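**Student:** Sending over a structure as C-alpha cells; questions will come in a sec.
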Amino acid sequence: MRSRTYHDQSVCGPYGSQRTDCDRDTDAGSDTDVHGAQVATQIRTDTLLHSSLWVNIALAGLSILVFLYMARTVRANRARLIVGATLMIPLVSLSSYLGLVTGLTAGPIEMPAAHALAGEDVLSQWGRYLTWTLSTPMILLALGWLAEVDTADLFVVIAADIGMCLTGLAAALTTSSYAFRWAFYLVSTAFFVVVLYALLAKWPTNAEAAGTGDIFGTLRWLTVILWLGYPILWALGVEGFALVDSVGLTSWGYSLLDIGAKYLFAALLLRWVANNERTIAVGQRSGRGAIGDPVED
C-alpha cells in the first residue's frame, strides 16, 4: 500500500530518456487511488465499523435540519453567536464521517514493537482527530459565550483543546515507538486537564454571574463525563492496550460518545437558547472582554 512520488522536475521532462520516472509518478497516483478504494472496501465489509459511521452520518444530517428549525426565531447577537457555533458541530461531524466511510480519512498503520498487536496493520480512523480539532472548539466556544467568559480565558482553553486533539492524533499515528505513542497520549492528557479545570473550576462562576448557571451546569457535566470517555476508550481500544481489539467495537464506542457529546449537547443548548433568548441578550455583565459584548470605556 506504500507508493513513492517523484517531484524533481529535472527528472520529469519531455525527453524520452526521462519518461520512466514520470510514469512512476503517475503510477504512484494510481496506487493512492487503489489504496483508498481498498480502505473503503474494508470499511464497507465490516458491518460493525460501517454501521457506526452511517449512524452518525444520518444523525448529523438530521440534526442540522432540526437545529436550524429550533433556532429560526433567535435574533439577539450573543444568542446567534451561540447558535452559529453550535450548528458547526453537526456540520463538521457530517463532513468527517463522510470522509471516514469513503476511506478518505482512514488507513492502515503498523503497530510498533511492544504493542499488543505489534507488526499487524490496524485501521486507523485518523480523520476523527481532525473532526475533534474542529468540533470541540465549537463546543467550548458555545459554552464560553453562554457563560460570558473573558475572551482571553476562552482563547487559552480553546488553544489547549486544539493541542489536546493534535497530540492525540500524533499518539494514534506514531509507529516508530510504542513509548512515544504513550508520551503523546500523556501530553494530550495534560492539555485536557487545562480544559477540565476551566469547565469545572473557572467557568461556572462566570455562568452564575451571567444568569446561565443552571443550563451551563447541565452542559458542563454532560461534556466532562462524555469527554473523559475518549481517552479511556483510546487506552482500552486498538490504539492503546488493545484490550478491546475490534476496530468496529472501538468505532462504535467513539460514535456513541459523539452522539451524546455533540448532538445531545447541541439539542439541549439550542432548546434553552431559543426559550431564554432574553437572558442571553441582557446578560448580567458588560465590558469584560467577552465576544459579542460592547466594551465600555
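Cβ coordinates come from backbone N, Cα and C, glycine included.
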**Student:** Taking the topological domains recorded in Swiss-Prot, do V122 and F241 share a side of the membrane?
**Tutor:** yes
**Student:** Can you say which of 46-71, 78-101, 126-147, 213-236, 247-275 has the most Cβ pairs under 8 Å with the transmembrane segment (178-200)?
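**Tutor:** Between the stretches 46-71, 78-101, 126-147, 213-236, 247-275, 213-236 has the largest tally.
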**Student:** In the topological domain 'Extracellular' (102-125), how many residues does DSSP assign to helix, to strand and to coil?
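**Tutor:** Counting residues per DSSP class in the topological domain 'Extracellular' (102-125), I get 0 helix, 8 strand, 16 coil.
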**Student:** Please give the sequence-distant neighbours of the topological domain 'Extracellular' (102-125): residues at least 6 beyond its ends with Cβ less than 8 Å from one of its Cβ atoms.
**Tutor:** 1, 35-43, 49, 96, 172-179, 181, 238-239, 241-242, 245, 247, 251, 254
